[in-house]
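**Q** Okay, so Swiss-Prot annotates it like this:
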- 7-20, 101, 162, 187: ATP binding site (BINDING)
């Protein structure tokens, strides 16, 4: 069976995702499409708008054959680690092709850029450090400056959000298994972070979340496939944002000592002190970010750091594993054919997982379900089995 892998958040699953999924299957001639999906919290450092099990249902209803959870310790980090670990899982599960959307739209250029970085790794790392020192800027900007300086302006624009992820997928594939084929299609209509829905059928997930959180579910339905609309209408829980977790973060920052927070993943350069001061003044999470931000810390980095503090995520990360959130019959058939040759632990029943392997994931789910209205999902990792569809 020819397998294509995609890396997703489906926050929520919308028409753009449906287009991407259909193209992945069509252009790669895949027998099975496997999605590695973020769980309770996503890469921008915020809670998913609805639980991972509902988003898994959306994925399966739209045609994904298997949904594998990207562990929270990787799903909530910067693009390098996010991509490395997603590719590690897809490689372990033996996909032939990694398919992604990008602003650039030419897969060969991503591969070429990745090869150049791998072949010039020492020079590239040195250029990043020089940019950090000389310009006192964020790591992301220093990375971009170093890339432009060494490889020119025209190879690949890694200031674009989907190009960044695509580049890091390509880089991870070069380092882990260069035989993985890369394919990409240009993103259509909506930009990744566009906050307004300006097209008849395609809008960014950001714009769709904005509509849903404003109570405009029916208006958002223009941008969602019928299967997603049905799941959203039947969902009885709340639609979530940082608003639902601000008081928990505020308490955590106020009660913790500065030295205690130094050991949290992503905390550096004394940023915890600014965060603790802001926590006593801010009225909400948006205020908190405004009071905390500096030239060296982008909003996304601040959100990720705040999330690691909320989750009490220590500097070490968990070991990778393959945790199945859901499958259809094709996905089940594929897993049955390949499971003996998969090197990572395969988890379908959480209670049978190796001791300690899921500790961070379980804690993240428990914190996520503290939000009012999620009582039915509490301890869901134990009582909600993988979703199996016909």
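Yeah, the Cβs are placed from backbone N, Cα and C, and that goes for glycine too.
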**Q** Should residue 162 (ATP binding site) be counted as helix, strand, or coil on the basis of DSSP?
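**A** The residue in question, residue 162 (ATP binding site), is helix (DSSP, three-state).
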**Q** Across all protein chains in the structure, which of the binding-site residues 10, 13 has the highest Cβ count within 10 Å?
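**A** Result of the Cβ crowding comparison: 13.
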**Q** Just counting, how many other CB atoms are there within 10 A of the CB of residue 19 (ATP binding site)?
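**A** Looking across every protein chain shown, the total is 18.
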**Q** Could you work out which of the binding-site residues (7, 162) has its C-beta surrounded by the smallest number of other C-beta atoms within 10 A?
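**A** Result for the binding-site residues 7, 162: minimum number of other Cβ atoms within 10 Å at 162.
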**Q** Please classify the secondary structure at residue 16 (ATP binding site) using three-state DSSP.
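**A** SS state of residue 16 (ATP binding site) = helix.
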